[in-house]
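**Q** In case it's useful when we look at the structure, here is the feature table from TrEMBL:
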- 7-158: domain 'Glycerol-3-phosphate dehydrogenase NAD-dependent N-terminal' (DOMAIN)
- Gly11, Gly12, Gly13, Ser14, Phe15, Gly16, Ala141, Arg256: NAD(+) binding site (BINDING)
- Ser14, Phe15, Arg35, Tyr52, Lys109, Ala141, Arg256, Val280, Glu282: NADPH binding site (BINDING)
- Lys109, Arg256, Asn257: substrate binding site (BINDING)
- Lys109, Gly137, Lys192, Asp245, Ser255, Arg256, Asn257: sn-glycerol 3-phosphate binding site (BINDING)
- 181-320: domain 'Glycerol-3-phosphate dehydrogenase NAD-dependent C-terminal' (DOMAIN)
- Lys192: active site, proton acceptor (ACT_SITE)
Amino acid sequence: MTASVTVAVIGGGSFGTALASIVADNGHPTRLWVRNPELAEAINREHRNPRYMPDLQLPETVQATSDLEEALEGAELVFLAIPSKGFAQVLEQARPFLKPEQLLVSTTKGFEEKGFKLMSQLMAEITGFTHLGVLSGPNLASELAQKQLTGTVIASDDDLTRATVQQVLGNRYFRVYANTDIYGAELGGALKNIYAIAAGMAAALGMGENTRSMLMTRALAEMSRFAVSLGANPMTFLGLAGVGDLIVTCTSPLSRNYRVGQALGQGKSLDEVVESLGQVAEGVNTVRLVKAKADEMGIYMPLVQALYLVLFENHSPREMAGSMMGNEQSTDVEFVLPRDEVLKSAQKITRVASD
Ligand SMILES: NC(=O)C1=CN([C@@H]2O[C@H](COP(=O)(O)OP(=O)(O)OC[C@H]3O[C@@H](n4cnc5c(N)ncnc54)[C@H](OP(=O)(O)O)[C@@H]3O)[C@@H](O)[C@H]2O)C=CC1
Ligand SMILES: O=C(CO)COP(=O)(O)O
């Protein structure tokens, strides 16, 4: 592979547009696929994306197109930045134009409903290719667009994919760290959206920094419990794709998921909030899918359960927060002292006290 890498970004929403801007800024020929031909024309004419990122001036080397074949022809590296609900459909459409030597990297932070799959699993199933990866980290699109310093993770078990993405994206404002745990990085990015909604809600209810801190830490415990139950390695959650992304989305109103939580906390209805956002907030669907999976597998996820009741069964956020404070007081770090052992010893103490 030469120093200049031809890149296709499939999906010109907020993140795809910000990513295309970085790639082109680094001197690589960049195609940006959007499904709407008028938007593609506007991007090429104005060198900005008037629908999703009107304030970001794009390098002129970003070529937008609504033709998937044209976008993918000769691309060595392909980023897929489509929300999880449309991911499989777009990948199926792209499949006839993809070649096994191309590197495919998902930036999507969500699950496919059918079969509860992650995007890397869909990429493997639909293409059968080997150069697959996921990009995940504290990467709010609007901050990337302003070239605010940050880092991300390229997770892949393929050496070529990791090295190429580090070379193509890394620069003076964007650091790209490598990880071989694709599944862990992807789970971190998808799960943190749930807790960003809870954090936005807590802020709207006037809760303080102690509350936010407890929420984020218990979120990490809950995410880890879920990951372990699915056979994943929770250590990846200690990196940028886990705790890094959890912190930014649980603290910044620039996060759409956080803003959904804020609006719900202010008493707006879910339909109203989603409608007015005009962009994807993956966490809403993720709460529903993860709750169903946790129920099926018997995984204790009190934050997910409470959020599900608020989002889909009209429970009041304040009452849910109050009732959660009455849950059993369990173990802090479950990998040090497993939850079951804490509960068993608590039961023993209760028995001794009542004897
Ligand atoms: N924005 C961010 O800060 C970050 C986002 N991500 C993740 O990236 C993914 C994309 O998010 P983002 O760009 O922000 O989303 P946006 O809502 O900003 O944009 C969504 C884009 O996907 C397109 N799209 C949606 N559904 C389909 C479909 N069925 N077929 C074809 N195109 C479709 C939209 O096209 P149209 O306009 O025609 O509907 C639009 O271009 C999400 O999983 C998100 O979690 C990851 C890191 C940061
Ligand atoms: O994943 C993100 C930042 O890393 C973007 O978060 P939102 O989708 O909540 O805006």
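All residue numbers here begin at 1 and follow the chain in the order shown.
Note that Cβ sites are derived from N, Cα and C of the backbone, with glycine treated the same way.
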**Q** Which whole-number value in Å describes the distance between the Cα atoms of Asn257 (substrate binding site) and Ser14 (NAD(+) binding site)?
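**A** Rounded to the nearest whole number, the Cα-Cα distance is 14 Å.
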**Q** Of all the binding-site residues here, Gly11, Gly12, Gly13, Gly16, Gly137, which one's CB has the most other CB atoms within 10 A?
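**A** Ranked by Cβ atoms within 10 Å, first place goes to Gly12.
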**Q** When you measure from each Cβ to the nearest atom of ligand 1, which of the binding-site residues Gly11, Arg35, Lys192, Asn257 fall under 6 angstroms?
**A** Gly11, Arg35
**Q** How far apart, in angstrom, are the most distant Cα atoms among the NADPH-binding residues Ser14, Phe15, Arg35, Tyr52, Lys109, Ala141, Arg256, Val280, Glu282?
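**A** Overall maximum Cα spacing for these binding residues reaches 22 Å.
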**Q** For the binding-site residues Asp245, Glu282, which one has its C-beta crowded by the most other C-beta atoms within 10 angstroms?
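**A** Buried the deepest by this measure is Asp245.
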**Q** Taking a cut-off of under 6 Å between Cβ and any atom of ligand 2, tell me which of the binding-site residues Lys192, Arg256, Asn257 pass.
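**A** Those binding-site residues that pass the cut-off, since their Cβ is under 6 Å from ligand 2, are Arg256, Asn257.
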**Q** Just name the most isolated of the binding-site residues Arg35, Lys109, Lys192, Arg256, going by other Cβ atoms within 10 Å of its Cβ.
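**A** Among the binding-site residues Arg35, Lys109, Lys192, Arg256, the lowest count of other Cβ atoms within 10 Å belongs to Arg35.
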